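S.K.: The following block contains the structure, expressed as structure tokens.
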Amino acid sequence: MRTLWIMAVLLVGVDGSLVQLWKMIFQETGKEAAKNYGLYGCNCGVGRRGKPKDATDSCCYVHKCCYKKVTGCNPKMDSYSYSWKNKAIVCGENNPPCLKQVCECDKAVAICLRENLGTYNKKYTIYPKPFCKKADTC
């Protein structure tokens with residue numbers, strides 16, 4: 001019950017590219033992003049960092065590194081345009097350069113999560129942060 005309350009708090013007031021990211025993840029994996037990846041492993045979700053537990057968690061680690069390279073906008077809050085065409089994510093051509101980067105980061109993690117669905121391990125779905133070992137920097 002406490003976990004559901006925490007997830008609800010995390011979702012309040014969320015807009016911008018996080019919502020777009022969650023939509024991309026659902027489109028690519030068929031999984032609800034917040035529920036399945038919000039606290040997955042050591043790297044999926046806000047404020048989580050550590051040595052990846054598996055390939056799924058590695059997708060999130062690489063995504064965080066991708067966001068660190070973005071300058072000029074807020075990757076978690078600023079909205080961008082994209083479309084879903086023929087079961088593929090297409091980042092909008094009219095996005096400013098910074099938001100093109102954010103969209104490409106989000107697209108890459110969504111595809112990575114789909115490609116690694118076979119490594120998804122339910123024991124890491126709500127993984128305790130204290131069990132995460134320090135990871136290398138990006």
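Every residue gets a Cβ built from N, Cα and C, even glycine.
Here the structure is a predicted model, which means the values were calculated and not measured.
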S.K.: Name the cysteine that pairs with C103 in a disulphide bond per Swiss-Prot, restricting the answer to C91, C98, C112.
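M.R.: The record-listed partner cysteine is C91.
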S.K.: Which one, C73, C105, C112, is listed by Swiss-Prot as the other cysteine in the disulfide with C98?
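M.R.: Matching partner in the record: C73.
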S.K.: Which one, C60, C65, C66, is listed by Swiss-Prot as the other cysteine in the disulfide with C44?
M.R.: C60
S.K.: State the disulphide partner of C138 as given in Swiss-Prot, choosing from C65, C66, C105.
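M.R.: Swiss-Prot annotates a disulfide bond between C138 and C65.
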S.K.: In three-state terms from DSSP, label C112 (disulfide bond) for me.
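M.R.: The three-state answer is helix.
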S.K.: Counting Cβ atoms within 10 Å across all protein chains shown, which of the disulfide-bonded residues C42, C91 comes out on top?
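M.R.: Result of the Cβ crowding comparison: C42.
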